[in-house]
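Participant: Not my notes, these are from TrEMBL:
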{"type": "TRANSMEM", "residues": "20-38", "note": "transmembrane segment"}
{"type": "TRANSMEM", "residues": "45-65", "note": "transmembrane segment"}
{"type": "TRANSMEM", "residues": "85-114", "note": "transmembrane segment"}
{"type": "TRANSMEM", "residues": "142-163", "note": "transmembrane segment"}
{"type": "TRANSMEM", "residues": "169-188", "note": "transmembrane segment"}
{"type": "TRANSMEM", "residues": "216-234", "note": "transmembrane segment"}
{"type": "TRANSMEM", "residues": "254-272", "note": "transmembrane segment"}
{"type": "TRANSMEM", "residues": "284-300", "note": "transmembrane segment"}
{"type": "TRANSMEM", "residues": "306-331", "note": "transmembrane segment"}
{"type": "TRANSMEM", "residues": "343-363", "note": "transmembrane segment"}
{"type": "TRANSMEM", "residues": "369-389", "note": "transmembrane segment"}
Amino acid sequence: MKYPGQLKNNDFRKLWFSDILIGSADNIEMLIISWVIITKTNSGLILGIYGATRFFSTFFAPLFGSVIDRFNKKTTLSLSRSYMIIHSIIFLIFALQNILTTFNIIFITFFYGIARTSDRISREALTQILIKKKDLRNASGIIRATMDFTKIISPIIGAMIYTNLGIEYSYLIICILYIGALLAIYPINIHSTNQQNLILYKELLSGLTYLSNNKTLISLISFAALVNFTVLTLPNAYLPFISKNILNGNANDLALLISFASIGSLIGSIIISVNNFSNTPGKFLIIFIFIWHILMLGTSLFTIKLIIICILILFGISSSITMVNMSILILSITDKNMIGRIIGIRQLAIFTLPIGLILSGYMIDKTGIISSIQIMSVIGIIISIILSFKSKNLMSYTNTY
């Protein structure tokens, strides 16, 4: 059987299939728990706290990256995916016992967030080992397209299972998907391990020193922190309220909104994986960050479902082009022996997402959904302008492959 692009790589193909299962389980869970919380509490703040809990552990991402740099990346990936199985079993038991309270959800999710952060660092580091530098654009695009595809299908499937069979059967499916994801990466063969003694503070210091000497990487991390604080709050905090309060919908309507945004993301992933639109990818990245924020603002200006869907598709396209381009730049610029540490620091930028989610949730409760979206969008545009003037190295960066 012939496979397209980097899927010809047998080990990468196994990782890709595992990611399909991981992404499916994660997206089903995110939709179900978000809807459970919003129907139990109708509070933007509590929903924001739940979303934030999934990402709070990114504060420790540089530490995770330093540790992962010293171990076999397949081993660290297997550990994180093993815990995801345990996590789903705990939720299944709690659901069967009818003790899945909001507090229990948030408390257990914190530990899932730790596994999720470690998993992403391990996956990106493993990708850099399996794929040659010149092929990273195609591989990154395939991974992103895979995640986007699961975001299209999984919420719809999850909403159908939850609506018709309940949360218990939903978590049974989630558990099976996590088990499949772990089994899928078992045959991958790599032997890339740094055998030097692990001294954590020296590893962290070396990563920070490496970053401080590269202004292009500093700019990329800064923009990553910005988009996590602003635009990524739309799918993680605002969409449930757009569905429930603006469109008067239910869990199935929320699933459709998520799916349309993900269709856009899939289109963007395909576009960026097969085309190199610019020899100055840094400038290209910054332009799309502005477009992304403008589209977020657009979701607050209309109450017609069809128009919101069109905006979400364009929002998804912009998100993929931005995030894939950012990942490619980081993987291309960073030395292989430093990749875990730099991805860890890049993950630390995601720590702004829980801050943004809590702030968004608070503003939803105090000022309403529309005003909250507009405030976050304008903040993002203003900070983007400031960072653009401070990012001359990124603006002038050219492809070397």
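Glycine too: its Cβ is placed from the backbone N, Cα and C atoms.
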Participant: At least three Cβ pairs under 8 Å linking the transmembrane segment (254-272) and the transmembrane segment (85-114), pairs spaced 6 or more in sequence?
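Facilitator: No, the stretches stay apart by this measure.
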Participant: Between 85-114, 169-188, 306-331, who has the most Cβ pairs under 8 Å to the transmembrane segment (20-38)?
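Facilitator: Comparing 85-114, 169-188, 306-331 against the transmembrane segment (20-38), the winner is 169-188.
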Participant: For the transmembrane segment (306-331) and the transmembrane segment (369-389), check the count of CB pairs under 8 Å (sequence separation 6 or more) and say whether it reaches 3 or more.
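Facilitator: Judged by the Cβ rule, the two regions do not touch, with the required three close pairs absent.
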Participant: For the transmembrane segment (343-363) against the transmembrane segment (284-300), do we get 3 or more Cβ-Cβ pairs below 8 Å once near-sequence pairs (under 6 apart) are dropped?
Facilitator: no
Participant: Counting CB pairs under 8 Å, which listed stretch among 85-114, 142-163, 216-234, 369-389 touches the transmembrane segment (284-300) the most?
Facilitator: 369-389
Participant: Grab the same-chain neighbours of the transmembrane segment (216-234) for me: Cβ-Cβ under 8 Å, and only residues 6 or more beyond its ends, written as numbers and ranges.
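Facilitator: Residues 282, 285-286, 289, 292-293, 296, 299, 315, 319, 322-323, 326, 329-330, 333-334, 342, 345-346, 348-353, 355-357, 360, 373, 376-377, 379-380, 383-384, 387, 390-391, 393-394, 397.
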